[in-house]
Amino acid sequence: MVMLISLSFKKVIWMNVDPNLTKYMIKAKIYTDGVVEKPDVVGAIFGQTEGLLGDDLDLRDLQKSGKIGRIEVEIDSKKGRTEGYALIPSGLDQVETAILAAALETIDRIGPCKAKVEIANVEDVRVQKRQKIIERAKKIYQDMNSKGDDLSESLVKSVREEVEKSEIISYGEEKLPAGPAINDSDSIIVVEGRNDVLNLLKYGIKNTIAVQGTNIPETVKKLSKERTVTVFLDGDRGGDLILKEMLQVAEADFVARAPPGTEVEELTYKQIVKALRYKTPIDQYLSMHGMNDELKEYSQRNNLVFGSQPNNNHEAKAEVIEEPPEQPPKNEEIREEQSQQVTVQKEGFLDLLNPHEVSKRIEALAQLKMTEVYDSNGERIFSFPVSEAVERISQDPRGNTIVTGGIISQRLIDVSYNAGIKNIYGLKLGHITKKPVDINVIAWERSL
């Protein structure tokens, strides 16, 4: 009960505390062996400390001068006894407040009853004030930062947008959105819309032009015959349609795509750089994605020689390579088949420009765990197990193309590049961190 009283009383006291006066709050616990009232407690405090501490610390004089606040008392009487608290606000320094608190414990009578006074604590009121100040300052600081960041970001964004808008130009008869370098650059990047051009401008790429839909403008058709063209498209069906239209009416040298399901206008700087760095030559892109009809039509229309009709010898030797069986053969059969394959095709040919034939060969080599090296005419120079590929290529740097049934690793790319290899075809890509621009790397899952 005393606890409840003291808590509620504390609220009352804090409302009466003068914040300009109080430094410390003396909390004295009171016990009497009889029933007393509040005026008895206040009278005992003033009466029994009078003259005890000298004139400088006389409670009446201190209260008149404002150095001691109003004494608040909360007591409760039960079963002939009284307990409670007295709270004394002090504007004195630490030493004087401590002396005053100690003097209160000399009180031995309150009214007609024996009494005992104990100092429960002396609380530094300024600590709570400081804590409130800290909490409030944190909130104010957070609000300031939030508004400041918003303002800063807004200013930067506004300036950037204005700069980008001032840089974008209208090009050609169709007034196509384009970057300011479109007139002078030997290579151009063809994108879908105005926002794509703006996004690339934001990261300093200025040789861009937008087709504004699937109907390729005459301006872009003309530019494609004069410049090196990279088609940089969204990773969705719309990008596929624009690419097909581009192949039918214009020319393209490389293809770069946004990640599946994303648009060029959404890409970050890192994503843009990665996509353009690993752009794929148009013929390799079409073959890799199974667009054989488009590849054939594109090649014929642009008078390109992409592969040749296989002669009878090629067909006969290609038939030796069979599709891998559904059930893997026993180890003895694998070794025998591997030996036969190497023997029969030691002097064989592979149409390296025929994606279907290359794919079949990779599947067969994956079953055999073998790697083969071919010259530029598609004639096989030698073959060896996948595990020996890096060592064998570094020891005998011959050939133009590697076809492997294993994983294309970074080490294999590095060694092949040093050996003068131009193409690597494989089943899967390992962890690739860099690829020289002079070597083509194609896996049937993805390409670099």
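Cβ coordinates are placed from backbone N, Cα and C, and glycine is handled just like the others.
The shown structure was predicted, so the numbers you read here are calculated from the model rather than taken from an experiment.
What Swiss-Prot lists as domain 'Toprim' is 186-260.
Under the three-state DSSP scheme, GLU192 (Mg(2+) 1 binding site) falls in the coil class. The Cβ of GLU192 (Mg(2+) 1 binding site) lies under 8 Å from the Cβ of ALA210, VAL211, GLN212, GLY213, LEU233, ASP234, GLY238, GLY239, ILE242, VAL264, each of which sits 6+ residues away along the same chain. According to Swiss-Prot, the feature Mg(2+) 1 binding site maps to GLU192, ASP234, an assignment based on sequence analysis.
Applying an 8 A CB threshold to same-chain residues 6+ apart, the list for ASP236 (Mg(2+) 2 binding site) reads PRO260, GLY261, GLU263. Taken from Swiss-Prot, the feature Mg(2+) 2 binding site covers ASP234, ASP236, and the record attributes it to sequence analysis.
If you look up Swiss-Prot, you'll see 318-340 marked as region 'Disordered'.
Annotation source Swiss-Prot lists compositional bias 'Basic and acidic residues' at 329-338.
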Just counting, how many other CB atoms are there within 10 A of the CB of ASP234 (Mg(2+) 1 binding site)?
24
Taking every residue in the domain 'Toprim' (186-260), what is their average pLDDT?
89
